[in-house]
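Database features, via TrEMBL:
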type    : residues                                : note
BINDING : 73-78, 107-111, 131-132, Lys144, Lys153 : NAD(+) binding site
BINDING : Glu186, His249, His265                  : Zn(2+) binding site
DOMAIN  : 70-181                                  : domain '3-dehydroquinate synthase N-terminal'
DOMAIN  : 183-325                                 : domain '3-dehydroquinate synthase C-terminal'
Amino acid sequence: MTSTDTVRITVEGDTPYDVLIGRGLLGELRDLLGPKVAKVLVVHPRALRSTGEAVRDDLVSQGLEAVLAEVPDGEEAKSAEVAAFCWTVLGQSDFTRSDAVVGVGGGAVTDLAGFVAATWLRGVRVVQVPTTLLAMVDAAVGGKTGINTAEGKNLVGSFHPPAGVLCDLDALDTLPPHDLRAGLAEVVKCGFIADPRILELVEQDVAAATDPHSPVLAELVERAVRVKARVVSEDLKESDLREILNYGHTFAHAVELVERYQWRHGAAVSVGLVYVAELARMAGRLSAADADRHRSVLQSLGLPTTYRGDRWPQLLDAMKRDKKSRGSLLRFVVLDGIGRPSRLEGPDPAMLQAAYAEVSAD
Ligand SMILES: NC(=O)c1ccc[n+]([C@@H]2O[C@H](COP(=O)([O-])OP(=O)(O)OC[C@H]3O[C@@H](n4cnc5c(N)ncnc54)[C@H](O)[C@@H]3O)[C@@H](O)[C@H]2O)c1
Ligand SMILES: O=C(O)C(=O)C[C@@H](O)[C@H](O)[C@H](O)COP(=O)(O)O
Ligand SMILES: [Zn+2]
């Protein structure tokens, strides 16, 4: 992709939609909303008030009625209270089934906005405008929407595909480096499960991979979105294949819950990838070299590969509520090799704890 190209990736399914990746793309929003939409709820986090206002003003200038719903930054947005606040705004503004929601922000806001759209009048259109790397390559694509409960991450939600996704790489200019790195954890995840070229690109030039203006980062975004689009096109509701996108997440979500969301999702995914690579190595599924590659790629990006919380019982308890569990059976996505995802069901509890010892050691 050159700096002027826009890449269009179609996610197939009952209601196919496009993910646009490029620069200066906001002008495309009206088209993605479709001709029948009259009113739009623009959901944005506090930190992106001026972006939310710019989106609203642009829609108003094109003859639409647009209302803002400002929500808390980060994970705090993913609560039943914040969803209820959005429903109130929709109700007070008389939104009907021909109206739409636009999510402008990071993954927390796109998850919330998608959930609000999925539940309002049992489902209205949502267009996602992700502004973090993580939301561009993962959260805004694929239709998983949701909020958290006290017991765990994303425990309430629905599959509600967007009508379109606008990944405007210009948004990354203001993104703090920590958040950029967090997004790269999901990119690297895609590398391990399906596209090893991603790993090579990071290994060849880590500076370019972390530079929001480099063509290498643009290629990483495109490759990660292609992986996600391919998987979701085949298995929207995670009956089987889609589980591979959850690689590293059993441990990651447990860390996020136990740490009361003080860890970024991408940072937790990073350590979760190392945890599950160790588990696969111990189970005789993954070579030591491939497990070590997880650590080295993630470390090169400045992502965490250890977790020193000393909270194994709480982590194990949280992992039992992972959505891949079946009854009392814990299930993990593991690799039999790079690009060869598989499942590990009901591993020996001693092995689970031994893998934990590996990620909590120096
Ligand atoms: N639905 C899915 O398939 C899916 C996939 C992956 C992750 N997720 C979810 O995504 C969330 C994590 O998303 P995230 O990493 O984007 O975090 P986030 O949404 O918490 O955003 C991180 C921070 O960056 C700020 N921000 C956003 N855009 C910015 C910009 N352009 N410039 C400056 N600041 C900006 C936000 O206000 C926030 O404070 C988690 O809740 C995770 O569960 C969902
Ligand atoms: O799209 C998917 O499917 C994923 O699992 C992508 C993950 O990166 C993402 O964090 C997702 O929200 C996790 O979903 P959950 O079903 O484990 O809550
Ligand atoms: Zn994730």
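Here the Cβ of each residue, glycine as well, is placed from N, Cα and C on the backbone.
Note that TrEMBL annotation is computational and uncurated.
These numbers come from a predicted model, not from an experiment.
Positions of TrEMBL features highlighted on the structure.
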| residue | record | Cβ within 10 Å |
| --- | --- | --- |
| Asp73 | NAD(+) binding site | 14 |
| Glu75 | NAD(+) binding site | 21 |
| Ala77 | NAD(+) binding site | 28 |
| Gly107 | NAD(+) binding site | 29 |
| Val109 | NAD(+) binding site | 33 |
| Asp111 | NAD(+) binding site | 26 |
| Thr132 | NAD(+) binding site | 27 |
| Lys153 | NAD(+) binding site | 24 |
| Glu186 | Zn(2+) binding site | 29 |
| His265 | Zn(2+) binding site | 28 |
Candidates Glu186, His249, His265 (binding-site residues) - the one closest to Glu75 (NAD(+) binding site) by CA: His265
Spatially closest candidate among Glu186, His249, His265, the listed binding-site residues, to Ala77 (NAD(+) binding site) (Cα to Cα): His265
Cα-nearest neighbour of Asp73 (NAD(+) binding site) within the listed binding-site residues, Glu186, His249, His265: His265
DSSP-derived structure type at Thr132 (NAD(+) binding site), helix or strand or else coil: coil
Distance-selected binding-site residues near ligand 2 (C-beta under 6 Å), from Glu75, Gly107, Val109, Asp111, Thr132, His249: His249
Entries of Asp73, Ala77, Thr132, His249 (binding-site residues) sitting next to ligand 1, with Cβ under 6 Å as the cut-off: Asp73, Thr132
Gly107, Val109, Asp111, Thr132 filtered to the binding-site residues whose C-alpha is within 10 Å of His265 (Zn(2+) binding site): Gly107
Cβ-Cβ neighbours of His249 (Zn(2+) binding site) (radius 10 Å): 26
Counts by DSSP class (helix H/G/I, strand E/B, coil) across the domain '3-dehydroquinate synthase C-terminal' (183-325): 99 helix, 0 strand, 44 coil
Nearest recorded site to His249 (Zn(2+) binding site) by CA-CA distance, among binding-site residues Val109, Asp111, Thr132: Asp111
Listed in sequence order, residues not in Glu186, His249, His265 with Cβ within 8 Å of the centre of the Zn(2+) site Cβ atoms: Leu134, Asp138, Ala185, Lys189, Gly248, Ala252, Gly266, Ala268, Val269, Gly272
